[in-house]
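Input: a single structure, listed below in C-alpha cells.
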Amino acid sequence: MSPNPSSTGPVIAPAPKGILDPATGRPIGANDPYFLEVRHELSDKGFFVATADDLITWARTGSLMWMTFGLACCAVEMMQVSMPRYDVERFGFAPRASPRQSDVMIVAGTLTNKMAPALRKVYDQMPEPRYVISMGSCANGGGYYHYSYSVVRGCDRIVPIDIYVPGCPPTAEALLYGVLLLQKKIRRTGTIER
C-alpha cells in the first residue's frame, strides 16, 4: 500500500480477512455460535460469564499440540502447514515430537498391516483428551493401494478418527481447514468422550 502524500496520518494496512470457508464464502468462525454468543454478551454487558468447563474448552482449542505420523507422500504436504505461508502455529497448533506431549495426531499416508500396531501404540501413549486427524485418501480408506493385501483400508479401523481431510494428496489449505474444524468441534462439544 503506497502512502498518500496528502494525509499526515500513518499508513494502515487493510484488516486481515482470514481464511474463507468454501461453503459460505465468509471468514471461518464468522457464523460460529460460540463466537456469536461471546460477541453478544460483550456488547450487551461488557463482560461475559462462563463455566470452568467452557473456559477449559476454550483454552484447549487455542493450545493444541500435534505430532505427525507421516507414512507417505501426504507427510510432505503436512510439512507445508508449519512453514511461513500457512503458519498453523498462529492458530495455537504447535508441533511436538513426543506422543506424551501431544493432543493431536495427524495420520498422513498409507497405513500397512505391519505399521498398524505401531500406530495404536503411539495413540495409546497420548494423554487424554486426544484427537486424530486422518489426512489423505490412503489414511482415510486405503486410497490407491486399497486392494493390496498389506494395506489397512482406513486408519479408522485402528484408532478413532475425529476429522477426515480428503485428497490425494490434500493441500496444505485443506489440512489447515481440518485443524480449524477440529478446534470448532472441540469448542462445540467440549471434551470428546471415547
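Cβ from N, Cα, C; glycine included.
Cys73 ([4Fe-4S] cluster binding site) falls outside any helix or strand according to DSSP and counts as coil. If you look up Swiss-Prot, you'll see Cys73, Cys74, Cys138, Cys168 marked as [4Fe-4S] cluster binding site.
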Secondary-structure category, per DSSP, in which Cys168 ([4Fe-4S] cluster binding site) falls: coil
